[in-house]
Structure formats: structure tokens, C-alpha cells
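Everything below concerns the one structure shown next.
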Amino acid sequence: MLAVGAMEGPRQSAFLLSSPPLAALHSMAEMKTPLYPATYPPLPTGPPSSSSSSSSSSPSPPLGAHNPGGLKPPAAGGLSSLSSPPQQLSAATPHGINDILSRPSMPVASGAALPSASPSGSSSSSSSSASATSASAAAAAAAAAAAAAASSPAGLLAGLPRFSSLSPPPPPPGLYFSPSAAAVAAVGRYPKPLAELPGRAPIFWPGVMQSPPWRDARLACTPHQGSILLDKDGKRKHTRPTFSGQQIFALEKTFEQTKYLAGPERARLAYSLGMTESQVKVWFQNRRTKWRKKHAAEMATAKKKQDSETERLKGTSENEEEDDDYNKPLDPNSDDEKITQLLKKHKSSSGGLLLHASEAEGSS
């Protein structure tokens, strides 16, 4: 039994060092300093006669590795010290290989208790149980190493790219969306003010060019203005842009003064209102169309009203002329044709009178 335990120790240490994850975990555990003492409940030990079998199943420290925490390695003949490793390694960190393998929650204790429970076990059964115990301990150590790597911040951030000192720093957030930068760009593009344009008086009302609250370069590319959507057929669907009340008020005030804008005027108005030049251009086109329709309707109404007034005045003048001719006294010596025409116009009203007059003339 002692020979088997002595042979299993180097085999287990060689198995631990042969796998890269366990070797890396073991070296990391050696580099750590003890932060707090590990307190574990002592492992249940069997009778004194089975101490050799339990010691053969317990792992031994790997060859050629120094003991972390300044602990002395156990002596070769001290088998009683191998039966209780948690008491001697109480000052070490709880993340070492020996601490992980000697925890009571691992299947090491159950595997170690099997040969100790049968006092009449043979050497072959103890060696097979020891090899199974070492395999299960290696699997448990690999799982613990993976869990520790996943729980540590370094393991979570290991896959992220790192920026070296040679890479340029990121630009400041106000470089691209800055009203001052947009103002400098606009002044550089259109250096002349609107009042200095040849042949044009200043057309903007005073509140536009004095930094109104809606004058912001970030408002020129808002998603709700001129955004493009897709309908059910997958075709591009242009939505109608929406403007604020202040923008519409400024556009209306400018349209009252001029119906057409030059290129620099349109650019400055678009910048002052936080709009694009195309939006201002389209708005003025639509506004001119609306104004033409309204003006044409007003002109048609005025013409119709004027025509009706002219007809009324013409009818009134004709009636006045007829009344003047009718009110003139009849001359007996005048032409009979004129008298006949006047009588024909008023024959309905004076039919009986004409009959009596003709009879009187015939009798005479």
C-alpha cells in the first residue's frame, strides 16, 4: 500500500504538469500571496489501519515546485501529516491545486473513502481507485480553472482589443456636432453678409441672424425631416418633412418680402434656421405654387365682381336714359316715328290709354 501511494504521487504530479491548463493554474497559484487563511473542515479519516490507503489516494505536491506561503514540505515518513493537509495549508490561498483537490465537496473524498471503508481490499483495487481518483481530481481542477477564468475580470476582458499608445486618441465629441464649427464653416463658405449683396436690400427680419434658439447645426440632419422609409413592397417611401412653428414663421416672414431667393440668401437662411438648402428651396417652390393659386383665385373673384358691377352699372345707365327719354314732354309737331317708338315701349302699361287716344283722333 505504501509503495502504491509513493508511485501514485509522481504519476499524479506528472499528469498535472503535462496538461497546460493545470500547469498554468498551478503556476498562477504559486505566484499569488496569501490574502486570508483558508479554513476547511477536516476530512473524515478512517481507522489507523487504513491511513496508508487514504494517503495513497490524496494528491502529493508536484516535483520541483517550491511550496507557496513559506511552508515546509512534509517529510517522506510522515504519513500522518498527509492524512490532514488542510491543517498544514491553512495559511495558503484557497485557490491552489492542493486546496482545490482536497476540498470535501469534491468527489475526491468519496473516492478516497471507498478503499478505506473496506479493510480487506487488495493492492490492485487500491491502485485502480487511486487512478480513478486522480482522473476525477484532474477533471474537477480543470472545471475550477475554467470557472475562475470566467469569473475574473481579466478572463472576461481578454478577448477585447486593446489600444496601444501609438494609436491616435479619439476626437473630442464636440468636433463634428458643434454650432461654432458649423458657423465657421458657413462664414468661410459665404463670407459676404446679406446686406452687402449687389442689387439686393437686406430681406431678413431682425430675429433670424441674431442666434435664435433653433439655430443649431445638429438640427439640419434630424431623422424626422426628410426621412426615408420602406413600404410593404420594399420600395423607398419619402415622408413629408415637418418643421417647427418658429421655422415656418421665419420662412413666411421672408416670403412676404421676396418670393425668390438667390443662392447665398438661401444658404444663409437655411443655416440660420437649422435646415438644409434643399429643404428651403422646396419650401419656397411649394409656397410660390400656393401663392399663385391663391392669387389667381383672388384675381378671378375680383374680375367676376368687377364684371357684375359693370353689368349693373350698364343696366342702370340704360334705365336712366330710357327714363330721360320717357320723361321728356311730347311735341305734337315732332316726328310720328319717335312717338310710335315710345308708345311701343310702354304699350303694356298704357295699352288702354292708346286705344282711347286713337279713337278720339279718328272721331275728330
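Backbone N, Cα and C define each Cβ position, glycine as well.
According to Swiss-Prot, the features are:
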type: REGION; residues: 35-134; note: region 'Disordered'
type: COMPBIAS; residues: 48-92; note: compositional bias 'Low complexity'
type: REGION; residues: 101-268; note: region 'Repressor domain'
type: COMPBIAS; residues: 109-134; note: compositional bias 'Low complexity'
type: DNA_BIND; residues: 236-295; note: DNA-binding region
type: REGION; residues: 294-364; note: region 'Disordered'
type: REGION; residues: 306-364; note: region 'Involved in DNA-binding'
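Per-residue pLDDT, averaged along the region 'Repressor domain' (101-268), amounts to 60 for this model.
For the DNA-binding region (236-295), the DSSP-based tally of helix, strand and coil residues reads 43 helix, 3 strand, 14 coil.
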